[in-house]
Structures are given as structure tokens and as C-alpha cells.
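Before any comments, here is the structure.
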Amino acid sequence: MRVLVAMSGGVDSSVAAARMVDAGHDVVGVHLALSATPGTLRTGSRGCCSKEDAGDARRVADVLDIPFYVWDFADRFKEDVIDDFVASYERGETPNPCVRCNEKIKFSALAGRALALGFDALATGHYARLSDGRLRRAVDADKDQSYVLAVLTAQQLRHAVFPIGDTPKAQIRAEAAERGLAVADKPDSHDICFIPSGDTRAFLGARIGVRRGAVVDAGGTKLAEHEGVHGFTIGQRKGLGIAGPGPDGQPRYVTGIDAATGTVRVGGAEDLDVWRLTGERPVFTSGAAFGGPVECQVQVRAHGGLADAVASHDAGVLSVELRAPLRGVAAGQTMVIYRPDPEGDEVLASATISGADGR
């Protein structure tokens with residue numbers, strides 16, 4: 001099989017490439033250049049998409065004795081990931097750019113080019129598993145990345161390979177060291193690669209500008225003025241521009257955002273409880289949409305826990321009734337529906353959250 005391996009320069013994709021070589025495949029490595037000005041992406045040993053990462057990926061390819069290329073996807077990345085990220089915050093949403101990158105860049109633009117060039121599959125260093133065409137959680141639950149892959153269609157998954165999903169991260173590092181790969185001890189990346197400072201509010205403010213609005217309490221009383229709804233997300237406690245706790249002495253959190261009026265509503269922790277979720281643009285990873293109701297578990301954050309729920313689908317809307325409330329769920333987040341399975345929880349569907357309601 002002719003396999004293109006997306007090599008980020010990190011330990012996971014490096015071991016993924018090595019395993020593909022060991023399996024006897026015809027392997028080519030590729031690193032994605034995602035910025036026209038690489039200095040705007042994270043530099044140094046921590047992060048991804050930096051010039052240093054490209055060099056690390058090339059050195060691993062040399063050790064593995066495989067061809068290696070750098071492909072420029074900067075324009076697509078800006079349009080489909082960065083611009084989408086900014087626009088989502090303008091709408092008062094909280095997007096996940098890693099989800100969008102997998103959907104639009106790695107498994108669409110990159111995979112599409114790979115197939116056009118005659119490759120049979122795209123392999124990545126994601127912690128996830130595929131069995132019988134079904135996407136499942138990784139063996140290493142702490143590193144599982146099925147959440148950020150749940151937007152992939154059955155057609156996209158048909159050409160995907162996840163070589164390390166059956167192995168704990170600690171063993172991946174040990175294997176890299178045994179293979180003599182210099183990235184064996186390279187730190188993991190955690191933050192958004194195109195915000196090197198880690199200051200999301202400043203990044204958005206520089207692109208959106210000042211759009212003043214009011215911070216109000218549950219009764220509509222104005223408490224403060226802000227410079228744009230893009231500086232807030234549901235559940236946020238710090239940086240609200242208000243003095244002290246609420247009248248009850250308890251902390252106040254962002255409980256609602258109305259981008260049309262520029263209003264940010266704050267309230268108590270209990271106002272963040274959510275019992276019902278609705279999602280748009282559903283994707284059914286097996287290719288078959290379920291009707292419902294389906295007993296399941298739902299995850300609403302990349303590193304969040306699983307919550308018991310009942311899901312149903314009708315007319316392009318995915319609806320979830322929770323058995324117990326989730327706290328601080330925002331529009332724009334991705335919700336992923338899992339079916340519990342001893343062989344590895346199966347991803348049934350995903351959707352972009354459009355509604356999160358209390359009782």
C-alpha cells in the first residue's frame with residue numbers, strides 16, 4: 001500500500017511513520033506549512049507548525065530513509081481554520097480549531113491531494129482506532145483524540161490510518177527512543193498553533209477591533225462595558241470587568257452571549273447547568289444516520305469527560321437529552337456521540353452545538 005504520512009515533527013507522527021515502514025508499505029512523509037509567515041506560528045520545542053518542527057520531521061524521515069516533502073497549505077489554513085475561528089467568536093461562539101483543521105485541512109485538502117497523486121491512504125499520529133470502518137477511542141484514554149476526528153465522514157475514514165491508537169503514549173516515547181528518533185522526549189503541544197502568545201483575546205481583538213457592548217446581570221442591569229463579545233466564552237469567570245462577586249457573595253460567570261446586541265450576561269454557577277443540547281451539521285462517521293432515541297454518551301470538549309445521554313436525529317438536527325447536567329457549554333463547541341463498547345467506545349456522530357438549554 002502506498003501511504004502518505006502527515007509528519008508534524010512530534011513523537012507521535014514520527015512513530016506512526018516508522019510503523020508504516022515496518023509494515024512494508026511504500027511510505028512518503030509530508031509536513032504541512034500552514035503559515036505564509038512561519039514566525040506567526042509557535043516556535044521552539046513546544047507546539048506545532050513551526051520551522052523547528054519541519055526540521056525535526058525531515059530528520060526523522062532521514063532516519064527512516066523515506067522521501068519527505070513540505071507542502072504549502074497556508075492559504076487553505078487561513079481561510080478554513082483561522083478565518084472560521086475569528087468569525088465564530090464574532091458570532092459569540094466558542095469553536096475548536098483542531099476539529100476544523102482535521103475536517104478541512106488534514107483529511108480534506110491533504111488527503112484529497114494524496115489520493116489524486118495515487119496514494120492509497122493517509123496516516124497520522126492521532127490517538128484513535130479504526131475497526132470495521134468504525135472510529136473508536138484510543139487505548140490510552142488520557143491521550144484519546146477521537147473527539148477531534150469525529151467530524152470525518154465514512155469516506156474520509158476509509159482512507160485513514162491511525163498506527164499508534166492501540167498503544168499508550170509512554171510506550172510510544174519508549175519506542176521512539178529505541179528507534180533512535182531525536183524527538184522521543186519532545187514535549188507535546190497543547191495550545192492553538194496560530195496563537196503563539198496563548199492570548200486568544202488579544203489575537204481576536206487585533207482582527208475584529210473594538211465593538212463595545214454591555215455586561216448585564218440576569219435581570220438586565222448593566223454592570224460594566226466591554227470591548228467585544230469575542231473576548232468572552234460561556235463559563236468564563238475572569239476578565240469580566242465587574243467588581244467582585246454577586247449579591248449572594250458567590251462568583252459570577254458568563255452565562256449568555258448575544259452577538260447581535262453585543263450583550264454579555266453573567267450569573268451564578270447554577271445558571272451554567274445544561275440539560276439539553278442541539279447540534280447542526282451532523283456527521284455520522286459510519287455513514288448511516290440514526291433516528292433515535294439512542295442510549296449513548298456525549299463529550300463536548302476535547303479533554304472533557306463523557307456524560308450519559310439519549311440522542312436523536314431529525315431533519316438535520318442532532319438532539320441530546322442529558323441524564324445529569326453539564327456545566328458551561330457554549331454554542332460553536334463540537335459535541336461527539338459515543339456508543340459504549342468494551343472493544344473501544346465507538347463514535348456514532350458529531351455536530352456543532354447550536355443550542356444548550358437548562359431545565
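These residue numbers are counts, starting from 1, taken along the chain as shown.
Just so it is clear, glycine is given a Cβ too, placed from its N, Cα and C backbone atoms.
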From candidates Leu32, Leu34, Leu135, Leu149, Swiss-Prot puts in the same ATP site as Ala6, Met7, Ser8, Gly9, Gly10, Val11, Asp12, Ser13, Gly125 the residue Leu32
Any same-chain residues 6+ apart from His126 (site 'Interaction with tRNA') with CB under 8 Å of its CB? Would you list them in sequence order, or say none?
-> Asp12, Gln145, Val148, Leu149, Phe162, Ile164, Gly165
Cβ atoms other than its own within 10 Å of the Cβ of Cys193 (disulfide bond), all chains, total 22
What span in Å does the ATP site cover, taken as the longest CA to CA distance among Ala6, Met7, Ser8, Gly9, Gly10, Val11, Asp12, Ser13, Leu32, Gly125?
-> 16
Cβ proximity for Ala6 (ATP binding site), under 8 A, sequence spacing 6+, ordered by residue number, returns Ser13, Val30, His31, Leu32, Lys106, Leu110, Leu122, Ala123, Thr124, Gly125
Reduce the DSSP letter at Cys193 (disulfide bond) to three states and note it down.
-> coil
